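Annotation source TrEMBL lists FMN binding site at 18-23, 66-69, 104-113, ASP139. Annotated FAD binding site per TrEMBL: ARG378, ARG408, ALA409, TYR410, SER411, GLY442, LEU443, CYS444, SER445, TRP630, in sequence order. Marked as NADP(+) binding site by TrEMBL: THR484, SER550, ARG551, LYS556, VAL557, TYR558, VAL559, GLN560, ASP592. Taken from TrEMBL, the feature domain 'Flavodoxin-like' applies to 12-157. The domain 'FAD-binding FR-type' annotation in TrEMBL covers 230-471.
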Amino acid sequence: MGSMEEKFDEQLLILYASQTGNAMDAAERLGREGERRGCPSVSVLSIDEFQPIDLPNKKAVIFIVSTTGQGDNPDSMKGFWRFLLQKNLTREWLKGVHYAVFGLGDSSYQKYNFVAKKLDKRLSDLGAAAIIERGLGDDQHPSGYEGALDPWMYALWNMLYQKNHKLLPNGPDFVTPDATFIDQPKLQIIYHDIEEEVPPLSSAKELKYLEMQLERARSMTPGKFSGNDRPDCFLKMTKNHLLSRPDSGKDVRHFEFDAVSSIMNWVMFLEVLPGQSPAAVDAFIRRCDLNPESYITVQPRVQPREAENHHFLNPPSSPVKLKSFIELTMDVASASPRRYFFEVMSYFATAEHEKERLQYFASPEGRDDLYQYNQKERRTVLEVLEDFPSVQMPFEWLVQLVPPLKTRAYSISSSHSAHPNQVHLTVSVVSWTTPYKRKRTGLCSAWLASLDPQQRVFIPAWFHKGSLPPPPPSLPLILIGPGTGCAPFHGFVEERALQSKTVSTAPIIFFFGCRSDKDDFLYRDFWLSHSQKNGVLSEDKGGGFYVAFSRDQPQKVYVQHKMREQSTRIWSLLTQGAAVYVAGSANKMPSDVFSVFEEIVSAESGVSREAALRWIRTLEKAGKYHVEAWS
């Protein structure tokens, strides 16, 4: 029994729940730091690779969890959280377990670091003891989440040592001298000598070939991609139409696509895998001295001590061409690399001044300067490698450390019944200028805008139903969607207009907001035609369409102002059981809209603000107050 106890005493388990890779990055950094400080056994696992029933057997567990969108758990944490909420778990269930929680969030959102706060409270309720007060990383901090992670980590080692000397037998301040490079890449690459595959000529076979390449490439790097490696369908663009006025400073597009393979009945969101610039991919291949024509498979390099914890379910993949692998999985010319990328680069720099600068960037002292150089400027992997020409990194390290090429999610703006087998999107082409006046654009939106419907480009897509079923025709709706937030509501109105031809439909009130009547009044004719004589948005049917132009008059007018003006109408629909949908990209907009609802409920029904708040919370619980916001 003694040896079993000791094994638990010496093991540090780090569990992460990541949506975009930041929490995984922080957890791996914590794991490396634990090893360098002499911890005998460190395990870093995604939370869905861990059996929650084993939690009471662990002595020291560190959780690194991110909060997504509106305070939701990352997908990988949903099963674990359901398990923790079971009613039969007692207040003693985790007695003897020591834990620490670090959260990654964004303080511009209402439910800042909600997941970390909930997890901390639940673990404590189940009898676990906190090693250290929870840490909360904030995207808004000048150094991002690392601003809070660095001091928290330093305090964590001290507290861990006080709780259990065996975890850090060399003391809390011991660190392996950095002269020795103790890390090994987590992956190994095998090169294959095979005949060149000839892509098929017919459309159907070409799609099958593309699907196979994509699935092979993405399945080789487990943990980097959430969701299914095989796309639900391929889309072909049929329309690329500018909605905003040219030269208005905004570029908002209406895209239409045909689904070239199967399509689901009703979906609310679509994830698209963007294409990368062929010139950038070629430049990366040249800079890293790779052979684009070689065929590779990527496999985990499992360390002997980790063999028991890692169950890679993926059978050995079939080889894929190196160039295709980079195009489909590695973001070489859009996303910024992580801090660890600079640390690993420093080991491969042969020019002394480059090595020193990279070591400084990877150090705690250089953190803020790295943040300015890297994240603030949105430096790409290709740009960083070109800034440090003496670095020649092995391909294994690049595959491990180059940010994954991520899908981008968009709300679908068409009704499935009105446009079967088609998908329409409303997309704002993202562009900005960095502090050093470098122009940057969003990878996916700019790529979609550059496509010509005449070209035969097949776009891999994944469907998501969203958290709510489509509203039935008898349900009154209150919709608030400034800017491209109007996208899902364009689909709702299309659907209801079609239904109203055969059944009686409930009214819809829609509050839209934009800068000005001339520049970015998206889908103007569509909304206006449906708000006239007996249309689904018409006042004679109990609905209404109201626009806030923020810049067409001296004082700014937003959707909140228009809502106050229609207070009685909103209350009347709420009493008829209306559902509320809020969508858009402004950080403060959802919470401002929420307060206006509180005001309206309180004023119209004559109750206190507290009672109004409780009433709206009940609406939320019943699935009738739905927020979809993006940053």
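Glycine is no exception: its Cβ is also placed from the backbone N, Cα and C atoms.
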Candidate nearest GLY21 (FMN binding site) in space, where candidates are the binding-site residues SER411, LEU443, ARG551 and distance is Cα-Cα:
LEU443
For the domain 'FAD-binding FR-type' (230-471), report the average pLDDT of the model, please.
88
Sorry to bug you, but what's the C-alpha spacing from SER445 (FAD binding site) to ASP106 (FMN binding site), rounded to the closest Å?
23
Maximum Cα-Cα separation in Å among residues THR484, SER550, ARG551, LYS556, VAL557, TYR558, VAL559, GLN560, ASP592, which the record lists as binding NADP(+):
19
Sort out for me which one of ASP106, ASP592 has the most neighbouring CB atoms within 10 A, since those are the binding-site residues we care about.
ASP106
Between TYR109 (FMN binding site) and ASP592 (NADP(+) binding site), find the distance joining the two CA atoms and give it rounded to the nearest Å.
11
C-beta crowding around ARG551 (NADP(+) binding site), within 10 angstroms:
13
Would you identify which of the binding-site residues ALA409, LEU443, VAL557, VAL559 has the most other C-beta atoms lying within 10 angstroms of its C-beta?
VAL559
Using C-alpha positions only, work out which of the binding-site residues SER18, TYR112, ALA409, LEU443 is nearest to VAL557 (NADP(+) binding site).
TYR112
Distance, SER445 (FAD binding site) to SER18 (FMN binding site) (CA atoms, angstrom):
24
